[in-house]
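Taken from Swiss-Prot, the feature Mg(2+) 1 binding site covers E91, D113, L115. Positions annotated as Mg(2+) 2 binding site by Swiss-Prot: D113, D116, E280. If you look up Swiss-Prot, you'll see D116, G117, S118, S119, N208, K274 marked as substrate binding site.
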Amino acid sequence: MKRINLTRYLIEEQREHNTIPAELRLLLEVVARACKAISHSVNKGALAGVLGSAGTGNVQGETQQKLDVIANEVLLEANEYGGNLAAMASEEMESFYEIPHRYPKGEYLLLFDPLDGSSNIDVNVSIGTIFSVLHMPKAGEAVTEADFMQPGSKQVAAGYAVYGPQTTLVLTVGNGVHMFTLDREVGSFVLTHRDVKIPVDTKEFAINMSNMRHWAPPVRRYIDECLAGTEGPRGKDFNMRWIASMVADVHRILTRGGIFMYPWDKREPGKAGKLRLMYEANPMAFLVEQAGGAATNGEQRILDIQPEKLHQRVAVVLGSKNEVDRVTQYHLEAKQTP
């Protein structure tokens, strides 16, 4: 069997579809190398003294783990000098990071959640890195936060690396979703799943059931119907899955189908949701749609949302298309009910 590594895949995609110019290819290769370095630190765990809290907080008001800080630094250092980027933005940093003047600047913007699911680090559950690539609107000019304010439909690439039993890089450049597994013996990501597709129907849902009392009625309605099983209106039994790591939950959905929900709840009614639009929802929505699924905030396609700020939050419903459409329909029906 012919082994295709990430570099070869990117070169052949450019030849066939003209979607990956050299600068974007180099950027994606650097991100992949950074993910390899993060994977190495994650795998060492307690042996390298990288578990536990860093004793600091991020802009989200969350306690940073040591590996959060390490992963953020790895991505910044790996990408700042290559000449492919104008700026970067991270879930862990309050403002964007403009490429220092001593380095050449490129035409892309990189956004990332350096270590998603970090509450799972110390208990050895799968975590990951999520990233999104945008064009710099005004190449050659000074970067402002407004340059990042592009809807998810403008992404030129998105992906994640999941650090589990294997380290897997999942990538889209707008021409389907492809998975690459890290071969540690040779140190390269090898194409192992081409053109991944999410089944349109499912019997699995992923949601934090402990928050049920705080949900809006459309979400309660959907979950109640799932829990009713064969005796309820859906006429089939559902299983619940919840890992508390978006990367791990979405990876399962890309692999075998399902629906992932992190809805608005009434504990913080002024916030549209919990997950970050730019670092989590947009790249995952791009991947899910490219795999034949759907992604909404309950009412609107996530990729159509116009961002207003870098750390904007959003409700997320994504996965198997028919289930996402049903949840969206319930939200729209609730709005129309007097």
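Cβ from N, Cα, C; glycine included.
Computed from a predicted structure; not experimentally measured.
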What are the non-local neighbours of D116 (Mg(2+) 2 binding site), defined as same-chain residues 6+ apart in sequence with CB under 8 A from its CB? I127, G128, T129, I130, Y160, S245, M246, V247, E280
Would you measure the largest Cα separation among D116, G117, S118, S119, N208, K274 for the substrate site and round it to whole Å? 16
Across all protein chains in the structure, which of the binding-site residues S118, S119, N208 has the highest Cβ count within 10 Å? S118
Let me know the most crowded of the binding-site residues, choosing from E91, D113, E280 and counting other Cβ atoms within 10 Å. D113
Other C-beta atoms that fall within 10 angstroms of the C-beta of G117 (substrate binding site): 21
Quick check: in three-state DSSP terms, what is L115 (Mg(2+) 1 binding site)? strand
Could you tally the C-beta atoms, other than its own, that fall within 10 angstroms of the C-beta of K274 (substrate binding site)? 19
